[in-house]
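A quick write-up on the structure given underneath.
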């Protein structure tokens, strides 16, 4: 973190490094105030043991416990405990369920793939209240293993019972890395996406479930995910947070502006923008095939980008958003380009705020949930990495550089963001941590 004396117009000359140091203290529930998704793995009892880790054979009484030769699962850290506790609060689940774009797209995806779910065995990774597990049971699943480490699993079991589905939906309170399921599964479903797609690192548990239990040729929903980025102009945000200090009830408080910039723009901001804020076509940062991605690939993601500004405007930072696609085993994701949608139903944004959106024309088309600025709003919104000071860009001006997203070494659920960008002969670096 910079001291006030070193801060000059947001940059040291033309190459200013804006650093945010990792918190070296222990976690607290407030550390996960941004968390909007369910936990995916199992909570460690504060006394040191794993809480409520179940074997399916013990619960069903159908199979004898199987000994495994797998390597030991990763330890459950204090950060994990705090993360799991944050998902025991009903408010997080209420917000997710009330997100109609999210919940209705998942239900539609389940029904679209009903022929692959009916009579099959399903695992719901990070089941939360159990709503997706119940959707799968309603679609005719033979059995659904609903796995969650948070104490919300206790309520999920009651929800399942109240809906008369206890014979089909088995709630397992524990980490995916620790619980035992003594059979292979046909389908994995999970709403694992965090802000900026990879925040919270929940995808790792989906990969673990896939490698432990999914049959060859099985179905994973969603099947693919793509993270995008684009430069933006957002003068209203800057005016509201920074220019406000120029005149406060007739008092010159401009001395507050440098501190205000640090406080407002030091960390990534989760907020909603519109297509009118976007200066160029988006670029792909990372495309994920959930059937093939390896856990090691999530440690660090680096992408280079090159944008051509399509208008003259102040550039205030970069916006990030994602799409996820629900394709069946025989489907292929649509080709990724910076100027076309990733799949039918997703959208690409023009700098004028217009949207190229392809609707699904038949049931075999891939279903897409998009969090782009021009798609229906979701609780994910968009993630913005703001500059401390805007950069004026001209029409057709090139903006290029690279972005690296990496898991914090101390707490993998936090995400380090290293952003390099240059334009008109000036180069900059912005570093921050998404907590």
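Yeah, the Cβs are placed from backbone N, Cα and C, and that goes for glycine too.
Here the structure is a predicted model, which means the values were calculated and not measured.
Record check: Swiss-Prot places 93, 102, 148, 177 at the S-adenosyl-L-methionine site, and the matching candidate among 119, 126, 164, 194 is 126.
Packing around residue 93 (S-adenosyl-L-methionine binding site) is summarised by its Cβ count: 22 other Cβ atoms lie within 10 angstroms of its Cβ, all protein chains included. Reduced to three states, the DSSP call for residue 148 (S-adenosyl-L-methionine binding site) is strand. Each residue contributes its Cα atom, and for residue 200 (active site) and residue 191 (active site) these two points are 12 Å apart. In sequence order, the binding-site residues near residue 191 (active site) (Cα within 10 Å of its Cα) are 126, drawn from 93, 126, 148, 177. Each residue in the domain 'SAM-dependent MTase PRMT-type' (80-418) has a pLDDT score, and their mean in this model is 90. Taking all protein chains in view, 27 other C-beta atoms sit within 10 angstroms of the C-beta of residue 126 (S-adenosyl-L-methionine binding site). For the recorded positions 148, 177, 191, 200, the ranking by surrounding Cβ atoms (within 10 Å, all protein chains) places 148 first.
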